[in-house]
Amino acid sequence: MALTIGIVGLPNVGKSTLFNALTRAGVLAANYPFATIEPNIGVVSLPDPRLDRLAEIFGSERIVPATVSFVDIAGIVRGASEGEGMGNQFLANIREADAICQVVRAFTDEDVHHVAGKVDPADDLETINTELVLADLQTVEKQIPRLEKEVRGKKTDPAVLTAAEKAYEVLAEGTTVFAARDRLAKAGVDPAALKQLQLLTSKPFIYVVNTDEAGLADEAMKARMRDLVAPAEAIFLDAKLESELIELDPEDAAEMLASTGQEESGLAQLARVGFDTLGLQTYLTAGPKESRAWTIRKGWTAPQAAGVIHTDFERGFIKAEVVGFEDLVEVGSIAAARAAGKARIEGKEYVMADGDVVEFRFNV
């Protein structure tokens, strides 16, 4: 599934350093605004220890993990909603992303100039959110008169107009649509109608606080930032440290990570949270050639999941043999799972669960 997370932030907050660490792509990480002009796209593997265990059980020659795609989008500045800096290009690129990962700076480095002249992550948040909200306000202000006319002519569902009006109320307060999603739901706004408006701030948000070793240990700062970005997830990492970790072998990387008091790298956290934020999950297939994680949306049925492998699998779907990952590990093989009654035959209505180990039967 080709879903992407757009990485955004003010210039010089460590956005490209983070992207380099995510993808090892070597993107220019220059200490001046607009070092990134054309967005750089990178595909990041999702850490999944289940695949290693499956490969052991099936004697697989290779492992193919699920992936998350990140897009490094040009640095935003105040006035981007009016086209300042690379504003117009920024807005066009972010519109194409499925979720927004906002990077804010919480580290101090005299050699790296902050575009605002001071390090204040809360101010960074406000600047970027304001530009996105202003861009959405412009969009909705144009949409409402058109929708009113179309509703009168019975060419548009009134629910879309209602969604636009309610979204305008939220945006006029300076709040993102994502942050107000529960409030909009309680007001009876149809999510499908809201999606038709294609608003930037209705996309899911993730926040990355790029800090240093002291910041990683500052629980009070972390609590403040989590409160600021709720209901979105906040991830705290040191992009420079992450860049160093990826150059080390696993044992040395784990030792360095432990020395900072962390059990999991920031990149692993970001990939996992990004995957979840996009509403995705994985199912697994395994055999002598490979053990693989396949990406699907939460709530998908077995035929839809089969279609990710090949459209013929969905079109000619007959049934699926499903074993839960934990059950398979417990008994040690598919044959043993069948003998123990742990293997199930599921039909077209079956809703996939994360970690299902599956073999599809189809006929075209």
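From the backbone N, Cα and C atoms, a Cβ is placed for every residue, glycine too.
Predicted automatically and left uncurated, TrEMBL annotations should be read as such.
Here's what TrEMBL has on this protein:
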- Asn12, Val13, Gly14, Lys15, Ser16, Thr17: ATP binding site (BINDING)
- 3-257: domain 'OBG-type G' (DOMAIN)
- 279-362: domain 'TGS' (DOMAIN)
Under a three-state reading of DSSP, tell me whether Asn12 (ATP binding site) is helix, strand or coil.
coil
With every protein chain in view, what's the tally of Cβ atoms within 10 Å of the Cβ of Gly14 (ATP binding site), excluding that atom itself?
27
For Thr17 (ATP binding site), what is the tally of other C-beta atoms lying within 10 angstroms of its C-beta?
20
DSSP helix/strand/coil residue counts for the domain 'TGS' (279-362):
26 helix, 35 strand, 23 coil
Quick check on the binding-site residues Asn12, Lys15, Ser16: which one has the highest count of other Cβ atoms within 10 Å of its Cβ?
Lys15
Going by DSSP, give the three-state secondary structure for Thr17 (ATP binding site).
helix
